[in-house]
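Peer 1: Structure incoming, see below.
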Number of protein chains: 4
Amino acid sequence: MSTVPMRTVSMSTVLLTGFEPFAGETTNPSWLAVQRAQELWEGPEALDVLELPVEFGRAAEVLNEAIERLRPELVIAVGQAGGRATLALERVAINVDDARIPDNAGASPVDAAIVVGGPAAYFATLPIKAALAALTREGIPAVVSQTAGTFVCNHVFYALMHALAGAAGDEMAAGEPAEGVPGRDHRRGPRGGFVHVPYAPEQAAGTSHPSMTVETMATGLVSIVRTSLTTTTDMALAAGATH
Amino acid sequence: MSTVPMRTVSMSTVLLTGFEPFAGETTNPSWLAVQRAQELWEGPEALDVLELPVEFGRAAEVLNEAIERLRPELVIAVGQAGGRATLALERVAINVDDARIPDNAGASPVDAAIVVGGPAAYFATLPIKAALAALTREGIPAVVSQTAGTFVCNHVFYALMHALAGAAGDEMAAGEPAEGVPGRDHRRGPRGGFVHVPYAPEQAAGTSHPSMTVETMATGLVSIVRTSLTTTTDMALAAGATH
Amino acid sequence: MSTVPMRTVSMSTVLLTGFEPFAGETTNPSWLAVQRAQELWEGPEALDVLELPVEFGRAAEVLNEAIERLRPELVIAVGQAGGRATLALERVAINVDDARIPDNAGASPVDAAIVVGGPAAYFATLPIKAALAALTREGIPAVVSQTAGTFVCNHVFYALMHALAGAAGDEMAAGEPAEGVPGRDHRRGPRGGFVHVPYAPEQAAGTSHPSMTVETMATGLVSIVRTSLTTTTDMALAAGATH
Amino acid sequence: MSTVPMRTVSMSTVLLTGFEPFAGETTNPSWLAVQRAQELWEGPEALDVLELPVEFGRAAEVLNEAIERLRPELVIAVGQAGGRATLALERVAINVDDARIPDNAGASPVDAAIVVGGPAAYFATLPIKAALAALTREGIPAVVSQTAGTFVCNHVFYALMHALAGAAGDEMAAGEPAEGVPGRDHRRGPRGGFVHVPYAPEQAAGTSHPSMTVETMATGLVSIVRTSLTTTTDMALAAGATH
């Protein structure tokens, strides 16, 4: 999917992933949005996109293969959160699969570890607060979310952060930087995170579900990428939840 | 606000109204959307737009004056429903004001009749089910709503239907056509209704509220106008609420 | 039902109705709550209870027969609103059936008038604001609701108000008293209204739906009956909706 | 379990904690519910209760002191989740404070680690799925929740699991048992978790918020304690979230 056949070590790469459709849908706005973000992207970094299967295990394998191949400095996985109303900057990935519906290969793991022996969770290493501030300034609805669920989205998010933690060659990404500020110091190693998107309008038509145009999603993703590339220390902006 | 200075009896007119901002907002997407719908409109009917004040009493006066002047065959009032996720085709206007917040003139009526001696309610005389079907086909999120609230939106909706019922010179619009099908026979007299729109994305930014682009709203309004002009008997499509 | 076989003209009667189970449920908390309210009731008025079928048409017939037989001065119909979180004092009944699911006899009317030639709506003639104030004082969660939906609950509510308007021998109940204060002057004729109740805890178990114990519902219903019997002019308490 | 009426070192102790009121409330149903659960408890284990301050830092200190003193085999912290509709069995505590409102001492930490150098998260070591199944069987509304927020509730939950992980003298509680089944093997060491409760009815009165009686909460807590004491390996019951 890269349109840049050769790459030098000095060329920065950003990888955006979306998912194939699932749960009876015929499209997945996450994949439409990352493709549109690629069109909107003006560099100088290369921006690659990748469509992941909605399958426990295989989604992570496809992602890991791309990370090894592309060596991106920034990876943002994007997934559909039908029923949510805004972009959601996910804060944390947890080491458990618990599926209420089967994935696209028919698997429904319950309370299975994603990485046996892995940490209970990873925090995103994106500057989610700075990204939230930028999106709000630009008029794009977004929130920080405290859970990415326990389905394939969280699975990919956890696998991504596990891969990046390994790539960093240290424990930087594992929840707790030296300064004691979770996810707020991103000076070393590739960074990654996860963004949930609402239904596209076409999916919500005929229902009372909230939706967002793919154009708005893509504009928001470009903003998140830009903020992530230019922010070394995240802002201290309250965006938590009381419960 | 009409751009057509002279008008002949054979020229059909459609009137769309929006509201000025209220409740601390600096824009009102209903007014932005009706203006954009006017730009998108391709006729042959004339489409006029009108901005109404968010004031009990005066909003209805401004609307009534425009109806008398323009003699539209179709009037759709549009208002902001912050927190709702889709276009809402309102089914019924009730004869009561009950304001939890002051209007833009500082008035907060509680349990006051809109028209003293008027009927308890009017049904919209738009083909709301046919409009819902068309919007769904076009991928624009919409629902039929069973309540327009008790603030200025419902006030204008009730006043509109009261005016059109009088203009029809009969009791057609008063809730109960001869065939016993509420709101489904619209052969005589001017027709009217109300559409609620969500927040625009810029208003929802920084919150978890759902939103819709003004372009989607406007495209939806054009669809509703077109369906209303071309449908004489509404579809029998279930779109009620169990409670 | 009544345990008082004979009745004199001087004996005031209150009638509470609940519904049989529907939509796959095995109980209906509305019927449990009115029975428990009867046990809690301390008079001096007689309090009768009646279980209505969840059937368009027949529910109204059963109710009307009881009203003719009992000549109650106050009738409160109660129904289940699965998914709502509080008691809901319904403000208005509208003259339309629009069923998304079949009733217990398999009927799914769409956009049918409840009473052909009847007014578009009736306002409850309960003092809903005084009742809300009393419930709040007593720590029982309640709201005023602007729509009772378009299923059998609204059907019964409309039929009830239509019957009471006829029984009143005038147009008092038809939405608009002489003073121009909808539903706030209840000096003449029998009064009526509708209260929606949430799921009971047993129904909500295993889901994320809100619920309320039958004891709380029944205590609330007794409070509403008491307030309705002792309030002639309703309070002017804001409890509307902006949309 | 011991049947010896005098307390010896072999006598099992259960500790339930609630919180003091916060955010302008005058009561906290979590504290009312744990006190009522203590009354309902029939042993043979001792059941102690403790009221925690709603203060970052100090709440954890008070809890830790009690754990050191009582050496409980089971600790369940309980907190108020205003706006939620059911009991919520929390799955995971994350190592971050992010306060949108000040705690009762005026502190509003943003993106601060709870334990500097601690793991990103701990899974509850309660059998949350078996507890969910038991509650559902008993007609008590409950769900598994994937986030306890980022306020004092999550703070106490994280501190609790950190303390128990240390007390266990091994890495058992740290998210990932040897079998690779997060939170499902609880054979060794004291166990702990967190349960969120809705508003009590008195708090929700006058609003549209869901609520639950303290009696229902307390009955549910007793059930959770009993299930936790008698379940060594949790059930594989799907209770995740797609996002």
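Every residue gets a Cβ built from N, Cα and C, even glycine.
Annotations per TrEMBL:
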ACT_SITE  C:Glu90  active site
ACT_SITE  C:Cys153  active site
REGION    C:174-194  region 'Disordered'
ACT_SITE  C:His196  active site
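Help me picture these features in the structure, burial and contacts included.
Peer 2: Other Cβ atoms within 10 Å of the Cβ of C:Glu90 (active site), summed over all protein chains shown, number 26. Secondary structure at C:Glu90 (active site), as computed by DSSP, is strand.
In the three-state DSSP scheme, C:Cys153 (active site) is classed as helix. Under 8 Å, Cβ to Cβ, and six or more positions away along its own chain, C:Cys153 (active site) finds C:Phe19, C:Ala77, C:Gly79, C:Gln80, C:Ala81, C:Phe194, C:His196.
Taken residue by residue with DSSP, C:His196 (active site) is part of a strand.
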Peer 1: Given active-site residues C:Glu90, C:Cys153, C:His196, which are under 8 Å from chain A when comparing Cβ atoms?
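Peer 2: Out of C:Glu90, C:Cys153, C:His196, none lie under 8 Å of chain A.
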Peer 1: Using all protein chains in view, find how many other C-beta atoms are within 10 Å of the C-beta of C:His196 (active site).
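Peer 2: If we count other Cβ atoms within 10 Å of C:His196 (active site), we arrive at 25.
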